[in-house]
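For reference, TrEMBL has these:
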- ASN83, ARG84, HIS178, ALA179, TYR180, ASP245: beta-D-galactose binding site (BINDING)
- HIS178: active site, proton donor (ACT_SITE)
- GLU309: active site, proton acceptor (ACT_SITE)
Amino acid sequence: MTEVKREVFGQMPQEEGGGVVEKFVLKSDSVKVEILSLGCIIAALEMKGRDGEFSDVVLGFDTLEGYTRKHPFFGTIVGRVANRIAKGRFTVDGKEYQLFLNNGPNSLHGGARGFDKVLWSPRVLQNGICFFRLSPDGEEGYPGDLKVWVTYTLSGGELAINYRAQTSKTTPINLTNHAYFNLAGQGSPDIYDHEISIEADSYLPVDDTKIPTGEVASVLGTSFDLRQPVELGKHLEKFRLDGFDHNFCLQQAQARHLAARVHHPPTGRAMEVHTTQPGVQFYTGNNLDSSLKGKGAIAYPKHSAFCLETQNWPDAINKPHFPNALLRPGEEYNHTTWLVFNTA
């Protein structure tokens, strides 16, 4: 049985429209997750360790104010297009579109005011919550009225996130959740003692602005070969890496497939990521720098969390040989990611 509760979390500043932000608490016997109507944010996720104690394993803030200030997409849904679009430019049906550039020369995670910074309309379900919004034609430079539904459902130790969308004009779309995890408990100083594996035979090399070069490279014999579990700290040291911020290419099948596993031996906490998406962006919090104070006023330093953002490949709209990035009128975008939490 999943219990669903709702409460008021805060009120948006007047300049942001002043709407009420609600918090929804989904609780099973092994997982408790708190989700906000602002940006469909996963604000907390508590899971058991080997000792049976619950601990919050996602980074975030105690109050709404933290989320209304600039932050690196903690727990948010990102869209209309997650990840980077080269030069913020793409062409659909012969028409060129120019987006706001918010990541050096590129557009990142939907632009200046993406899906992460807006209020969504909630509908409580028996075992979860469905959020809806209409992204109007021209919002952040994207074509078409886009209806979007993001549904979180909790069943035992499994949190499912389903993304659906319909459009009035052909548009690029790529939706994901940007939760930052630390299985030792949020606020722990690093993730070096985590063991990770990613089910990918290839990855996308990037240029110095993090745009894929277009090559689909084999992981064999490289630091990107994570098909067998590696201890993250030792792995970064061995290959002298600053961290990961790369797309790993998963099997291209609409059916559910395993993307990644993470295990934290000291606590026994483990998570698996399953998805219908063709890629997962593995990010090791390289840009966290202790300047942000999170829950309990704890600073979040570099490498104090990881993200596994299931999604289409970055800049797919400008790479014809990458998986299709376009949604056309009459079609439905429909993807699901399952986060499975347990102890091992």
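Positions of Cβ are set from backbone N, Cα and C atoms, glycine also.
Features recorded in TrEMBL, as mapped to the structure shown.
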| residue | record | Cβ neighbours (10 Å) |
| --- | --- | --- |
| ASN83 | beta-D-galactose binding site | 26 |
| ARG84 | beta-D-galactose binding site | 23 |
| HIS178 | beta-D-galactose binding site | 22 |
| ALA179 | beta-D-galactose binding site | 27 |
| TYR180 | beta-D-galactose binding site | 25 |
| ASP245 | beta-D-galactose binding site | 15 |
| GLU309 | active site, proton acceptor | 23 |
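Proximity to the residue listed as 'active site, proton acceptor', defined by a C-alpha to C-alpha distance within 10 angstroms, is shown by the following binding-site residues from ASN83, ARG84, HIS178, ALA179: ASN83, HIS178, ALA179. Residues ASN83, ARG84, HIS178, ALA179, TYR180, ASP245 are the ones the record ties to beta-D-galactose, and the longest Cα gap between any two of them is 18 Å.
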